[in-house]
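A short worksheet on the structure shown next.
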Amino acid sequence: MTIETLEILGPNQNGNSTIEKPIKARNWLMIIISCALAFCGVIGGPLLMRLYYLHGGNRKWLSSFVQTAGFPVLIFPLIFLYSKSKASEKINGQSSSFFMEPKLFLWSAMIGILLGFNNFMYALGLSYLPVSTSTILFATQLGFTAFFAWLIVKQKFTSFIINAVVVMTLGSVLLGINTDGDRPIGVSKSQYLLGFLLTLAAAVLTGVTMPLIELSFSKATRNITYSTLLQFQITNGLIASCVSVIGMLINKDFQAIPREADEFELGNNKYYMIIILTAITWQLSAIGFVGLILYTSALFNGIYTSTLVPVTEVAAVIFFHESFTGLKGMALALCLWGFSSYFYGEYKMMNRVGDNVTHEKLDQVENGPQRLHDQEAPFNTA
């Protein structure tokens, strides 16, 4: 992970003249790319999964599997980066460590197990909920991410973050008040409630997983390159997919898939096309999420993911003609209020930090020589 160090000259309480403040560097190009990848998955993933359920799909472990099964597509850019690394070694005559550290592999494997169960809970919850309701409810992961980021990686809290967490929690409570308001046809009240609870549980587990990824990156002793990021995600996806495969074997999904494909309302070919597109779409979002955590933070990743809720809401209404109830609108308004509060708080904090750095630099230029002279001169008691 790249770290910039800002040196500010000036005496501190111990009389030292230099203070070092580590600041995570911002690779804006990679942040923009990660945002674009996450956008594709956050919008497209739930819509494709809901399309599968609406037209006859009913395999929950299969839906869990496709959320991580697209990891092989990451092998192609990894091979390209490996070839580029070897070519650079020949030119410079120096060997470099391309493969990730063993400790990162262990972290990725552990997180992959959590992700496997998280995917199943989300997939099962989405099978009983409309996309719009599931999306707004899952947006509460921001509050859980903020809490566990404070607990695990010591994320600083501000009044704006607290306000965002509170109003978004109220939004999820509003969705649970009327369990019959937008219940899909054929879904019982108990199934709707189960979907509500499972989606909320998936949001909690996501809130734990994101800070754990940030913590694992902070434990690395070598710089984390994009090739390391790809290896981390491939391991993550492989382990999570293995968890889903175990569930599919127990549930005998592999024997049922050909029969389900033949009975699929849109046809056999479109059945497999939807499965493949869903896997690729979710994998794009996964590498985007991990990239955002690496280049920013777990909390920012949660904020960005939740910011896309309105877009997913509109897409669900357009493509699936889902109802947009009054309570759902109030919940969405509270989410937007929370997002605005967070971004305004970050804006004020960035301005405050920028002003402080500017004042410290001006103070260094104007008073630095005199301070150094005062420190070097003996104290005259006469």
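Backbone N, Cα and C define each Cβ position, glycine as well.
Going by TrEMBL, these are the annotated features:
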TRANSMEM  28-49  transmembrane segment
TRANSMEM  61-83  transmembrane segment
TRANSMEM  104-124  transmembrane segment
TRANSMEM  136-153  transmembrane segment
TRANSMEM  160-179  transmembrane segment
TRANSMEM  191-213  transmembrane segment
TRANSMEM  234-251  transmembrane segment
TRANSMEM  271-295  transmembrane segment
TRANSMEM  302-320  transmembrane segment
TRANSMEM  326-344  transmembrane segment
* **Surrounding residues of the transmembrane segment (271-295) on its own chain - C-beta under 8 Å, 6+ positions past either end** => 1, 26-27, 30-31, 33-42, 44-45, 48-49, 51-52, 57, 62, 66-71, 73-74, 210, 213-214, 217, 224, 226, 229-230, 232-233, 236-237, 260-261, 264, 301, 304-305
* Grab the same-chain neighbours of the transmembrane segment (191-213) for me: Cβ-Cβ under 8 Å, and only residues 6 or more beyond its ends, written as numbers and ranges. => 107, 110-111, 114-115, 117-118, 121-122, 124-129, 133-134, 137-149, 151-153, 155, 172, 175-176, 179-180, 183-184, 289-290, 293, 298, 301-302
* Determine which recorded stretch among 28-49, 136-153, 234-251, 302-320, 326-344 has the most C-beta pairs below 8 angstroms with the transmembrane segment (104-124). => 234-251
* Feature contact check the transmembrane segment (28-49) with the transmembrane segment (302-320), CB under 8 Å, 3 or more pairs -> yes
* Cβ under 8 Å to the transmembrane segment (136-153), counting only same-chain residues 6 or more beyond its ends: which ones? -> 122, 129, 161, 164-165, 168-169, 171-172, 175, 196, 199-200, 202-204, 206-208, 210-212, 214-215, 218, 297-299, 301-303, 305-306, 309, 313, 328, 331-332, 335, 338
